[in-house]
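Colleague: Take this structure, written in structure tokens, and hold onto it; I'll ask about it next.
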Amino acid sequence: MRLWPLALLLAGGVLAYALGLGQYLSLGALAEYREALAVFIETRPLQAVLIYVAAYALCTACLVPGTILTLAGGFLFGRWLGTGLAVTAATLGGSLLFLIVRSALEPLVHRQIGPLVERLRPALEQDGFWYLLSLRFMPVVPFWLGNVAPAMVGMRLPVFAAATALGILPATLVYAWIGAGLAQVFARGGSPDLSAVLSPLVGLPFLVLAGLGLLTGWWRARRGGDRTAAREGEGRTGARRGWRIRPRRRGSRP
């Protein structure tokens with residue numbers, strides 16, 4: 001059992017609590033410290049990036065929803081850099097939770113959500129990358145579930161990380177775009193207004209995401225059906241041509 005991922009998470013959680021970082025996870029805090037944060041990012045850009053990515057990854061591993069942090073990425077770094085940093089941080093945090101579950105917490109997690117994971121197991125084992133990608137495309141699927149279930153069915157970490165990064169990219173771009181827009185509102189002296197999140201212009205991308213998830217699931221199911229049909233066809237052809245491998249009888253010559 002490898003306990004270093006869990007130890008790293010616990011150490012980070014204790015440090016975050018000691019520094020009182022939870023009070024800064026709000027739009028009000030961003031507005032209040034906007035000028036100071038802008039100066040820090042301008043004078044120490046590398047440190048600002050590392051702090052943001054580390055904080056986001058830690059929150060993701062601790063099952064803290066990343067909506068505010070993604071908005072903060074666009075707010076602080078702009079829509080494009082903010083999107084890239086948020087995707088990187090969420091993927092790192094998800095990978096950390098993935099390793100923690102696999103190395104130390106799998107029995108505990110299985111007692112809590114074992115039946116749910118077992119329902120996802122066949123699809124994840126058969127076509128893990130595409131199935132996880134379709135789950136990431138659907139905003140209604142909890143992010144933590146997409147981190148925990150693959151770890152419990154034995155998915156390889158590179159496959160998990162690739163599907164996660166690609167799957168969360170569209171939604172992350174939308175939130176970072178909103179965050180960048182809020183920064184412009186604050187710069188003009190306006191007050192924060194998240195009603196834009198519910199507007200058709202912003203809601204449309206989430207409908208597209210749901211459609212992508214359904215399309216990916218349909219394509220994966222069709223691909224699996226084609227593979228099944230191909231295997232059945234090969235079996236029938238092999239039976240006609242004598243291609244089936246017969247078990248050797250005990251004592252017969254090889």
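Note: Cβ is positioned from N, Cα and C throughout, glycine not excepted.
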Colleague: Looking at 22-43, 198-219, which one does TrEMBL call transmembrane segment?
Modeller: 198-219
Colleague: Which one of these stretches, 80-101, 124-145, shows up in TrEMBL as transmembrane segment?
Modeller: 80-101
Colleague: Over the domain 'VTT' (64-180), what is the model's average pLDDT?
Modeller: 89
Colleague: How do the residues of the domain 'VTT' (64-180) split into helix, strand and coil according to DSSP?
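Modeller: The domain 'VTT' (64-180) comes out at 104 helix, 0 strand, 13 coil.
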